[in-house]
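Have a look at the structure below before the remarks.
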Amino acid sequence: METFNRNDPKYHSSFCCASHVTTLARVLITVNLIACFLSLLTYHSIETGRFIIFLVGLVIAGIGTIAIYGEYRDLLLFFIGSEIVLFTIECFYGVSAATTIPALNNLGTLLIALLLFILFASATAMLPCLITYCNLAQFIKDREYSGKVSMRYDV
């Protein structure tokens, strides 16, 4: 049976002060949850599709919060997949919304370059978070398979 070392360097972040993956994931999901809640509060038009996307984002962030603080690996993997799907939907919605604004249609090629830059910057900002969440899932899996902690099923 393999021994589990909680302080193994592979469980420390390489992009944020070498903090432990559990601590960093908790900080990131808390910031994500607060940002989703604030964006939902500041959006005034309920009848548009953007409000639905904000609401779904808040629900997904809530699921992520439960998964990370409770350290539920399966729920964490569902959260990671949901984040990727939601990000893709937000990208398509943002591009379609930007192309329907008459003032932006005059920009032509510059509009395409601006949209590509925003999509690239958003994906670049999201990537370290997803890597941290995946590392946390690996941490939980390694801990469960080492025999130190048995799998938990809350009913």
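Yeah, the Cβs are placed from backbone N, Cα and C, and that goes for glycine too.
Under the heading transmembrane segment, TrEMBL lists 21-43 (among others).
Here TrEMBL flags 49-69 (among others) as transmembrane segment. Remote same-chain residues near the transmembrane segment (49-69) are listed as 25-26, 29-30, 32-33, 36-37, 39-40, 43, 75-76, 78-79, 82-83, 86, 89-90, 93, 97, 133, 136 (criterion: CB distance under 8 Å, separation of at least six residues from the stretch ends).
Within the same chain, residues 49-50, 53, 56-57, 60, 63-64, 67-68, 115, 118-119, 122-123, 126, 129-130, 133-134, 136-137, 140 sit at least 6 positions outside the transmembrane segment (76-95) and bring their C-beta atoms closer than 8 Å to a C-beta of that stretch. Marked as transmembrane segment by TrEMBL: 76-95 (among others).
As annotated by TrEMBL, transmembrane segment applies to 107-133 (among others). Using a Cβ-Cβ cut-off under 8 Å and counting only residues 6 or more beyond its ends in the same chain, the transmembrane segment (107-133) has close neighbours at 13, 15-16, 21, 24-25, 28, 32, 64, 68, 76, 79-80, 83-84, 87, 91, 94-95, 98-99.
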